[in-house]
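**Q** Have a look at the structure that comes next, please.
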Amino acid sequence: MAITDTPRLRTPLKTSIATVSISGEFPEKLAAIAKAGFSGVEIFENDFLTYDASPREVARMAADHGLAITLFQPFRDFEGMPEPHRSRAFERAERKFEVMGELGTDLMLICSNVSPVSLGGIDRAAADFHALGDLARRHGVRVGYEALAWGRHINDHRDAWEIVRRADHSHIGIILDSFHTLSRKIDPNSIRAIPGDKIFIVQLADAPLFDMDLLYWSRHFRNMPGEGDLPVIDFMRAVAATGYTGPLSLEIFNDQFRGGSAKAIAEDGHRSLVNLMDRVARLEPDIRIEAPAMPDRVVARGIEFVEFTTSTEEKPVLEALLGTLGFARTGRHRNRDVDLFTQGDIRIVLNTDTDGETFAGASYSVHGTNAYAFGLKVDDAQNALVRATALDAAAFSEPRKPGETAVPAIRGVGHGVVYLLDDSEDLAGIWQREFLPVDPTVAGQSALLQHVDHIAQTTQYEEMLTWMLFYSSIFAIRRAPMVDVVDPGGLVRSQALESEGEGRFRVTMNGADNRKTFAGKFLAEGFGTSIQHIAFATDDIFATAVRLAANGFQALPISRNYYDDLEARFGLEPDFSDALRAASILYDRDERGEYFQIYSRTFGEGFFFEIVERRGDYAGYGAMNAPFRIAAQRRLARPAGMPRR
Ligand SMILES: O=C(O)c1ccc(O)c(O)c1
Ligand SMILES: [Mg+2]
């Protein structure tokens, strides 16, 4: 196995997550957290109070799962209180220290006071913490102070640190939380001034950038590092520079996560932490960082093939569609009911080898005909597999017959498989070795299609972040801005991911929030199958359109209104817009270039092909055309003569 990066010797990453981040009751939360690979858990007091078990029982449950309780939190409204509130705050704290003793954790979080009766003053707060430090020492516990971004007097970790510094007590330290620092745009480099041993724990969260009330933003929209827009990597680099080596604890307040799958959210969390620390370790080579050794993020060079599973009955329909698109059947698998169709650099595999125990067969029986697998070209497939599995992706393999190559593969998102291919003889040669050439059976002529421009995967809206994190942690991928596509049945959110640098892999993810949308219907009727369309690139859309027409290809018809509007919007020459209309070509333009699109009619439960031409540096996907495409697809989907409902 060739790991090209020098492996670094590292101690295990101490990963932790707050119970508040995960849905379910205590037993379900703890099981999911442990299963995902965390070594610790923060007990969020409310989760504990609402669960009917003693602190000792909770301690045992955590221990049974092999989880350390890294933190008990939050304790509110402590510092700077006038009497009699001050005395009561100390009494309350002492009660909680006793609970902590039974829970078996030695660290409590106190978040900065939000009470209107609290008094300001750094020295007053420092004196309170010094006194609390003595009490904590007697109970064998420590207290960390966290600046809430909306704290009444303290809302900045620099001020919290000044209080902790002046408290000058071995049992009092600071707690850093990336959300509170980054949401206020506080320079994380100010953390570098804090001694690592005075940072008692580090909480991590990301969030999408919204212009919103801080408290509301924090309590509802946090997400996993790498899922949002905050510079969590910069934050962690600064933390690493202090010499901090304690747990990294996710604290994600998110309504969607709390209502989601405990297992999926815990897995995303673990993946996000491992990915984050891998990124930080590469950026800070001189700091000893506890991150698992793995190859760097993988450049995805492009899609080498897309494989459909289908039945012998449905295959001819797909084959005919491919024929009109200008594909020729050029290969037949030596051992299996598998045909290869090619055009330009594009390979489409039709797999009807569906009896027996194959994944293709299982996929067909659940989802029907679908594009269940694709092959990604990378520089080193084995390396890519090592990285993917280090990030908790599941390796995929099937029994091979004699003479067949075991292609490295992982289970993808959406019930699919991602094969990893490179230029090694073993992998690059599979087409020649495993497929017998056949006399090309061509329905028509080549339509000048060159490569796969992108694939589009449809998912539930709730799963979009999971999928995004899957791709962007394993591969060197960047996110395009999210766009909303209006469908008459609801909203579809669309997020494109594309290779950084010279890679040519593009995937768009479309999150349907209900099953009335065209995307939602596809998802429901295919029982969660995901690849809804495949876009091929041409560099002469008009020549392609002529060839397609000669092949009997039926484009998705687009309304005349669209072209009238297009002409007005872009000031198009009538000849040009007539040419677009005659071939049902959709058009978009921005400062960077132009984009042309032709859609096929749909196949099965809403699958379709697209043909695109990019001119100049156009980098989008024609989002503004999507409603017209959806309207046209819906029109065709309605049985003839059915009134509009
Ligand atoms: O939203 C809050 O109140 C809250 C409580 C404890 C924390 O650690 C935090 O980051 C936020
Ligand atoms: Mg916090």
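Glycine is no exception: its Cβ is also placed from the backbone N, Cα and C atoms.
As annotated by TrEMBL, divalent metal cation binding site applies to E146, D177, Q203, E251. Here TrEMBL flags 302-433, 451-601 as domain 'VOC'. TrEMBL lists H454, H533, E610 with the feature Mg(2+) binding site.
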**Q** Going by C-alpha positions, which of the binding-site residues (E146, D177, E251) is nearest E610 (Mg(2+) binding site)?
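**A** For E610 (Mg(2+) binding site), the spatially nearest of the binding-site residues is E251.
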**Q** Fewest neighbouring Cβ atoms within 10 Å: which of the binding-site residues E251, E610?
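**A** It is E610 that, of the binding-site residues E251, E610, has the fewest other Cβ atoms within 10 Å.
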**Q** Name the residues of the same chain, 6+ apart in sequence, whose Cβ is under 8 Å from the Cβ of Q203 (divalent metal cation binding site)?
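**A** Once residues fewer than 6 apart are set aside, Q203 (divalent metal cation binding site) is near A18, E42, E146, I175, L176, D177, S178, F179, S249, L250, E251.
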**Q** Name the secondary structure element type, per DSSP in three states, that contains D177 (divalent metal cation binding site).
**A** strand
**Q** Helix, strand, coil: count each for the residues of the domain 'VOC' (302-433), based on DSSP.
**A** 37 helix, 43 strand, 52 coil
**Q** Same-chain residues six or more away whose CB lies under 8 A from the CB of H454 (Mg(2+) binding site)?
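**A** Expected: A496, R506, V507, T508, I534, A535, Y621.
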**Q** As a test of reading the model: what is the averaged pLDDT for the domain 'VOC' (302-433)?
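**A** Over the domain 'VOC' (302-433), the predicted model scores a mean pLDDT of 94.
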**Q** Quick test of your reading of the structure: among the binding-site residues D177, Q203, E251, H533, whose CB sits under 6 A from ligand 2?
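**A** Going through D177, Q203, E251, H533 in sequence order, those close to ligand 2 turn out to be D177, Q203, E251.
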**Q** Anything from the binding-site residues E146, H454, H533, E610 with its Cβ under 6 A from ligand 1? List those in sequence order.
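**A** Going through E146, H454, H533, E610 in sequence order, those close to ligand 1 turn out to be E146.
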